[in-house]
């Protein structure tokens, strides 16, 4: 009896949700064969870093580096994660021990390719696709390339 009541409540909640959320004609058809009615995705990220490594403050590196960078907020409500912090090098050149720019060294962005979930199409509220995204994660110093005219 209890199981039957739970099933009826679940069905009622599903019907109400379908009524509240307008669907576009390009959204997947719920009546189509093999259409999944409910998909649960656990987006919880398990932090596998040791407590010693995770206790370091990343902001220390962006300021103490010989190739310092700033972090900018990249926000997209149609993406998961919706907020991604991206690094941008502060200078084209590197900073020496005295805090002056070293014209023999270049500051370059370190990039990492990540996977994000992107809502598609925007009129289908629960349809996502996996997308690759190139994100700046920090900056480093490299030797300048010197080309001699011949």
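Any Cβ shown, glycine's included, is placed from N, Cα and C.
The signal peptide annotation in Swiss-Prot covers 1-17.
Marked as region 'Disordered' by Swiss-Prot: 54-75.
Under 8 Å from some Cβ of the compositional bias 'Polar residues' (62-72) lie the Cβ atoms of residues 85-91, 94-96, 102, 105, 107-109, 136, 138-141, all in the same chain and six or more residues away from its ends. What Swiss-Prot lists as compositional bias 'Polar residues' is 62-72.
Summarising the annotation, Swiss-Prot assigns N-linked glycosylation site to 63. Look at residue 63 (N-linked glycosylation site): DSSP puts it in a helix.
Residues within less than 8 Å, Cβ to Cβ, of residue 139 (disulfide bond) and separated from it by at least 6 positions along the same chain comprise 65, 67, 68, 69, 87, 89, 90, 107, 108, 109, 110. The disulfide bond feature in Swiss-Prot is assigned to 89-139 (among others); the stated evidence is similarity to another entry.
Annotation source Swiss-Prot lists disulfide bond at 94-141 (among others). In three-state terms derived from DSSP, residue 141 (disulfide bond) belongs to an extended strand segment.
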Between residue 141 (disulfide bond) and residue 63 (N-linked glycosylation site), the C-alpha gap once rounded to whole angstrom: 14
Give me the count of other Cβ atoms within 10 A of the Cβ belonging to residue 94 (disulfide bond). 24
Please report how many Å separate the Cα atom of residue 63 (N-linked glycosylation site) from that of residue 94 (disulfide bond), as a whole number. 12
In all the protein chains shown, the tally of other Cβ atoms within 10 Å of the Cβ of residue 89 (disulfide bond) is 22
